[in-house]
Amino acid sequence: MNDQADTPQTPEAEIAALRSNPQPTLRAVAPGMEAHLYTPQPVLDHGFVRVVDYMGDDAAIVQAARVSYGAGTKKARDDSGLIRYLMRHWHSTPFEMCEIKLHVKLPVFVARQWIRHRTANVNEYSARYSVLDREFYIPAPEQLAAQSRVNNQGRGETLQGAEAERVLRLLKEDSMRAYDHYEEMLSQDGQQGLARELARMNLPANVYTQWYWKVDLHNLFHFLRLRADAHAQYEIRVYADAICEMVKDWVPAAYAAFEDYRMGAVQLSARGVDCLKRRLAGETVTQENSGMSKGEWREFEAVWG
Ligand SMILES: Cc1cc2nc3c(=O)[nH]c(=O)nc-3n(C[C@H](O)[C@H](O)[C@H](O)COP(=O)(O)OP(=O)(O)OC[C@H]3O[C@@H](n4cnc5c(N)ncnc54)[C@H](O)[C@@H]3O)c2cc1C
């Protein structure tokens, strides 16, 4: 048997082969997610996110909540009402019945932020076993920004002209030089060369890595709440945004509840509730008589004006 002839050679061919070979199944199928399955969604300059597998759909959440035998016992409107109730009251375990497995290609500095989300299963590409590709994240010009003056953890004005060119040149030169040395150290051309597990240590944090990441829907929503948020760094936010689009198609009712009760919602402390009530009663409430710190008051005012 000729393995060469049977085995697709490129990732594109492998994906096309998988997509052209549908299997009949008794499992729950989410039509919106079937459209995404296997296909990479490009993110940043060399990255992507693609769905490798998933389990469950909106009905699976409802079935688990009711501990029922199958779908079709209630109307879709009732199902979405129940999902909204579960989300509103932080009744999270039914959402854990749905799972998703993603293949993600991302810069190492993004992976460091992502891996902090511990409630997932991860398997990363081994740079001990394989040679990393010459692929580095170089920000698009509109993402090259100076340090923010108001937010120590953020970026401010976009760099322009000569300054943007200078920074881009440094980023590109450093990336290429580091990779040249990586290759030189690996080389066994008339020399012993260095092991892959050691040679990789000179590569900068904008080099790309890949992993499989499996997570349940409850913990995925937690990840998306934090990383598809304006406070998250742009480079991880774009991955979260891409995943949001997939989840919207996978579990539309659960995603709509998530958007309403998490993404679009605001949190109010007991002091905040008190201040709002006093304001509604006609009292002039300021930071000084609110009982809130300056930071808290700033955030309160940003929402309530
Ligand atoms: C905008 C932003 C800025 C950040 N800045 C920093 C920073 O400057 N420095 C830094 O170090 N991190 C930073 N982080 C990371 C952040 O502190 C969290 O580590 C990260 O968001 C993962 O959140 P998590 O622990 O809730 O998620 P997960 O690890 O997925 O956990 C989900 C939930 O499970 C529970 N849980 C999981 N594991 C445990 C455990 N071992 N013990 C108890 N409960 C557990 C918790 O309730 C947790 O909320 C930042 C995150 C964001 C979004």
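Any Cβ shown, glycine's included, is placed from N, Cα and C.
Nobody curates TrEMBL annotations by hand; they come from automatic prediction.
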**Request:** Please pick, from Arg88, Arg155, Arg225, Arg227, the residue that TrEMBL records in the dUMP site together with Gln113, Trp114, Ile115, Arg116, Glu124, Tyr125, Ser126, Ala127, Arg128, Arg200.
**Result:** Arg227
**Request:** Among the binding-site residues Gln113, His117, Glu124, Ser126, name every one whose Cβ is found under 6 angstroms from ligand 1, counting any of its atoms.
**Result:** His117
**Request:** Compare the C-alpha of Arg128 (dUMP binding site) with the C-alpha of each of the recorded positions Thr93, His117, Leu217, His222, Arg227, and give the closest one.
**Result:** His117
**Prompt:** For the recorded positions His117, Arg128, His222, Arg227, which one has the sparsest Cβ surroundings, going by other Cβ atoms within 10 Å?
**Reply:** Arg128
**Request:** Determine, to the nearest whole angstrom, how far the Cα atom of Ile115 (dUMP binding site) is from the Cα atom of Glu124 (FAD binding site).
**Result:** 11
